[in-house]
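Taking it in order: structure first as structure tokens, then the write-up.
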Protein chains: 2
Amino acid sequence: MADIPARTELKVTTGPIRGSRKIHVEGPGGIRVAMREIDLEPSSGEPPLRVYDCSGPYTDPTATIDIMAGLPELRRDWIRARGDVEEVAQRQVKPEDNGQLGPDRSGGVQPFPNVRRTVLRAKPGANVSQMHYARRGIITPEMEYVAIRENLGRARRAEAAARDGQDFGAAIPDFVTPEFVRDEVARGRAIIPNNVNHPESEPMAIGRNFLVKINANIGNSAVASDVAAEVDKMVWSIRWGADTVMDLSTGRNIHDTREWILRNSPVPIGTVPIYQALEKVGGIAEDLTWEIYRDTLIEQAEQGVDYFTIHAGVRLPYIPMTAKRVTGIVSRGGSIMAKWCLAHHKESFLYTRFEDICEIMKAYDIAFSLGDGLRPGSIADANDEAQFAELATLGELTQIAWKHDIQVMIEGPGHVPMHKIKANMDKQLEACGEAPFYTLGPLTTDIAPGYDHITSAIGAAMIGWFGTAMLCYVTPKEHLGLPDRDDVKVGVVTYKLAAHAADLAKGHPAAKMRDDALSRARFEFRWRDQFHLSLDPDTAEKYHDQTLPAEGAKTAHFCSMCGPKFCSMKITQEVRDFAAKQNASADTFLAAESGMAEMSEKFREKGGEIYLPAAE
Amino acid sequence: MADIPARTELKVTTGPIRGSRKIHVEGPGGIRVAMREIDLEPSSGEPPLRVYDCSGPYTDPTATIDIMAGLPELRRDWIRARGDVEEVAQRQVKPEDNGQLGPDRSGGVQPFPNVRRTVLRAKPGANVSQMHYARRGIITPEMEYVAIRENLGRARRAEAAARDGQDFGAAIPDFVTPEFVRDEVARGRAIIPNNVNHPESEPMAIGRNFLVKINANIGNSAVASDVAAEVDKMVWSIRWGADTVMDLSTGRNIHDTREWILRNSPVPIGTVPIYQALEKVGGIAEDLTWEIYRDTLIEQAEQGVDYFTIHAGVRLPYIPMTAKRVTGIVSRGGSIMAKWCLAHHKESFLYTRFEDICEIMKAYDIAFSLGDGLRPGSIADANDEAQFAELATLGELTQIAWKHDIQVMIEGPGHVPMHKIKANMDKQLEACGEAPFYTLGPLTTDIAPGYDHITSAIGAAMIGWFGTAMLCYVTPKEHLGLPDRDDVKVGVVTYKLAAHAADLAKGHPAAKMRDDALSRARFEFRWRDQFHLSLDPDTAEKYHDQTLPAEGAKTAHFCSMCGPKFCSMKITQEVRDFAAKQNASADTFLAAESGMAEMSEKFREKGGEIYLPAAE
């Protein structure tokens, strides 16, 4: 890892992740799918292990990183080759786009220097969504890319591996084909969020029958704003495995911060447009109008945002259902719309104008992330009337979006005790026609602020197992403050392990390979392989070295838990050697006197041999 | 918190836990049950919240702490009043008890100064186990203490609270009576580990129908040994909520380290006697004998160890079943016995001498913790033939122990993917007649060394929900090194939240009170109450202050997530005010035009009011 300044003061972390190499798997039509390969020690006799890689060009030593210029446009030609988009002049940036109202224009940030003059939009009458292509039987390069990526470079013949898991009715294939991806997108069971104005993104799929994904939230706020820090957090979060990033910026410089993030992001970027719209009206929710909101959608659509969280399910009649809650409405977007509805005693314009919003989404291929504005904010409010009333409406809206061939995922809670988690998944599948579920946690208890990455990882792993397609991370700062760089890493790694635990329990055919490789390394005392195969090699090695810093300890056949004199792993090896030799089975074992005698002797002879000298 | 030296260099952390007071609830016969009371801000209008307290006299400002003298003997008179014990001279401490073999006696530690000359033992033919009393219909002071403790000071009338949970066939009462405790102990569904030679301990119960408990492991090793650090870790771990502590010391000074820990521990202490026995034979497993092991049991029984982990289920015929495993035998005790069995081609003496061991257990009231020496050490080995063959044997041994009226719990895995966790609980309940289950995690994936407190908290919360009575913590250093003070705290708090999530999901009638109190505090911006009600008030406040250090921010009605201009909680309050005023319901809401108009007006009037000045 190195902090490179490029030609700017914006620093991001680049360089390979310890112990692995960036590789590119070739696909049809010159597609090159980015993955990581972890090399194992020669003594292992094992080939390198391929793993899913979200980190983009930043971990590729051969790539030139220039934050001021942005990433290369990987999908540029794929998008234009379809011939259904046209170049139009980009909407003029207004001061209010950056929250600069009134005479005081201070506190601005440097605009992204390499800003585009023109943007892409569907030709009149055209629909450029992946779902639209899928439903017409077209397999796009994006779908080809996803298929190769989801297989983790496995060859078709490698499928044979016995399946072991409980998938609760999912349909995870042994091997992902481009046609399978197309079919899942066409059915609405998976989405590939990639705005035609975000050609820098590497295609990825969010769906119950693919690997479980995770999202990391970043963004400045009214009390803390620094564009450099947000770009750094974006690059840092994908380094550790964030599959998508949401820019939840509020306060000032929202437009410019987002431009810096989008131009430099290889993963899909999501936003909550109502946040920016609110800033445009000086923070007064009741002053929001459809026109201002619509203008904000177009502003963000042209910048290249890949999915919009839209709280169109917060309907006027549901609002009073939250009155008796312990924590009322905790969703920021949900409460903004609740306030607007109450102030005007009108139905939400997000609901009444939903088809107008669809027209915008299909012109750029932006996916809906239908927000759960009435999600429970405490254990006491879980699975209540307000929450499920909104979910039913999100189901209606899903059908409307699908009528327009627009990709949709559904956001879920929140705070839910373990015994009420499964019901959330089951109701979502039924109400929303298997559209991908995207949940925040859920947190399984309210009593551990400072540890909510853990209270929520418990719920996230479970709901991921039950069928949730993407898990929105929670950091240790949840409920307490804004996450810093370290919090972002802890949140991402925690959710990565929760998502992987879910893949394992679902029986994903590719998931267990990494656990087995790491466990073999552990059993054989290949310490470096154990570090490199872990989700966070740097932390694993650091912790090991705190007890046994000596270089020799990394090759010694013992660890600090048992010390050099005695090691259970070593004894097991002897058990294995004997059993292999005798081909012993539980039945014949006791009878094998000769074998026992022989082994008994062998043990006495080499009784001292399991004493290894301490490395230091 | 303050580090007090007392009259020694051994320092431990004392003083109240931030925001709470030590209290004692009076019981029959002068019993005083220790609890903590968390005071809430007057504005809350709520009474103090009582919480379970494992921290002992160390958090009581009125108690005098003298590590050199040890804790007062809370149970001394209860034990003697039963008239079934006699005082005998304590076994002489031998050099090998501290691993000091041969001429080199260096590296010793200071023996505990206030060592007792005599110890207690059951009179000939007597059985002093709580199970023995329970089965004869006797309610002991220990049972009275447990009953009050488990109710968290609730009065019987407070039971009415509606139950909400899925307990998978557990029998959690609305209110715990001493008779209920007696009955659970008599049936073997719960244990109260308290050796007659550990009168310093505050009685606690481990059972499926009581609050889920957690254990913290400490202990020096051959590569790191420091008695002061171990005593400090014990006090530190109970401060944050460890219900029992296991001293897993290996290498030297095992006897003296254990004496320091026992004399200063208010929680039950468990050990794995085979570890010390192995040191007595210079670490050569095949040199172990029943006589050496028996002598070690008596040595530790006289010191006051409350439960022994005994791997009597590792039978000769099961050993070859581990040969094809990815990680073989990972239990240290299990591999020691496997090596002994193979070396002598004999059945394990722990199994053949089990009834002799029972005679020792009943003479001091030591509980069995039947070890799972063949537990899986990787996802690949979960729920295999070897693991369940051993579990069946642990079931047989449970029946033998119960024949002697000896308390028993059963140890469980290990590494288990989520979809295989429930089977572990179900098989244990069936094989072991509902004896309490005591599991390590389980870890739900192998790929996150450095984060195994989290991979295992997921499995621990789930298996706790399914019915496991005690969860053995895993620290971030698992698989990598020995936990330091910080690791111990993170491990304990992580397991505390997992155990609480399990209590919530089981529908324990007392569990949700704390979540609700904290969530009300969060909703009402009572920041200090939120910190104080959390499992780790210091960390919660520290994280908050990293973003908003100003003192005013702790009373401000906003947080750093949304900033001062907009707050969803504030809006919800307005929704609530309106709904309360209109007594609106989902049905009448739309119709209530007048109400809507009035409210609409009200909102416009006070439109500016939700702008709060930033605290700084």
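Keep in mind that glycine also has a Cβ here, set from the backbone N, Cα and C atoms.
Any TrEMBL annotation is an automated prediction that lacks curation.
Keep in mind that this is a model prediction, so the values were computed, not measured.
According to TrEMBL, the protein carries these features:
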DOMAIN    B:17-86  domain 'ThiC-associated'
REGION    B:89-112  region 'Disordered'
BINDING   B:Asn217, B:Met246, B:Tyr275, B:His311, B:Ser331, B:Arg332, B:Gly333, B:Asp372, B:Gly373, B:Leu374, B:Arg375, B:Glu411, B:Tyr438  substrate binding site
BINDING   B:His415, B:His479  Zn(2+) binding site
BINDING   B:Cys559, B:Cys562, B:Cys567  [4Fe-4S] cluster binding site
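Everything TrEMBL records as a feature, shown here on the structure.
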| residue | record | Cβ within 10 Å |
| --- | --- | --- |
| B:Asn217 | substrate binding site | 22 |
| B:Tyr275 | substrate binding site | 23 |
| B:Ser331 | substrate binding site | 25 |
| B:Gly333 | substrate binding site | 25 |
| B:Gly373 | substrate binding site | 34 |
| B:Arg375 | substrate binding site | 27 |
| B:His415 | Zn(2+) binding site | 29 |
| B:Tyr438 | substrate binding site | 27 |
| B:His479 | Zn(2+) binding site | 22 |
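Separating the Cα atoms of B:Asn217 (substrate binding site) and B:His415 (Zn(2+) binding site) is a whole-number distance of 18 Å.
Ranking the binding-site residues B:Tyr275, B:Ser331, B:Gly333, B:Gly373, B:Arg375 by Cα distance from B:His479 (Zn(2+) binding site) puts B:Ser331 first. In the three-state DSSP scheme, B:Ser331 (substrate binding site) is classed as coil.
Whole-number maximum of the Cα to Cα distances across the substrate-binding residues B:Asn217, B:Met246, B:Tyr275, B:His311, B:Ser331, B:Arg332, B:Gly333, B:Asp372, B:Gly373, B:Leu374, B:Arg375, B:Glu411, B:Tyr438: 20 angstrom. Closeness to chain A is evaluated for the binding-site residues B:Asn217, B:Ser331, B:Arg375, B:Tyr438, B:His479 by Cβ distance, with values under 8 Å counted; counted residues in sequence order are B:Ser331, B:His479. For the pair B:Gly333 (substrate binding site) and B:His415 (Zn(2+) binding site), the C-alpha distance works out to 17 angstrom.
Secondary structure of the domain 'ThiC-associated' (B:17-86) per DSSP (helix as H, G, I; strand as E, B; remaining residues coil): 16 helix, 19 strand, 35 coil.
Proximity note: of the listed binding-site residues (B:Tyr275, B:Ser331, B:Arg375), B:Arg375 have a CA within 10 Å of the CA of B:His415 (Zn(2+) binding site), given in sequence order. Under DSSP, B:Arg375 (substrate binding site) is assigned to coil, being neither helix nor strand in the three-state scheme. Per-residue confidence over the domain 'ThiC-associated' (B:17-86) averages 96 (mean pLDDT, predicted model). Mapped onto three states, the DSSP output places B:Asn217 (substrate binding site) in strand.
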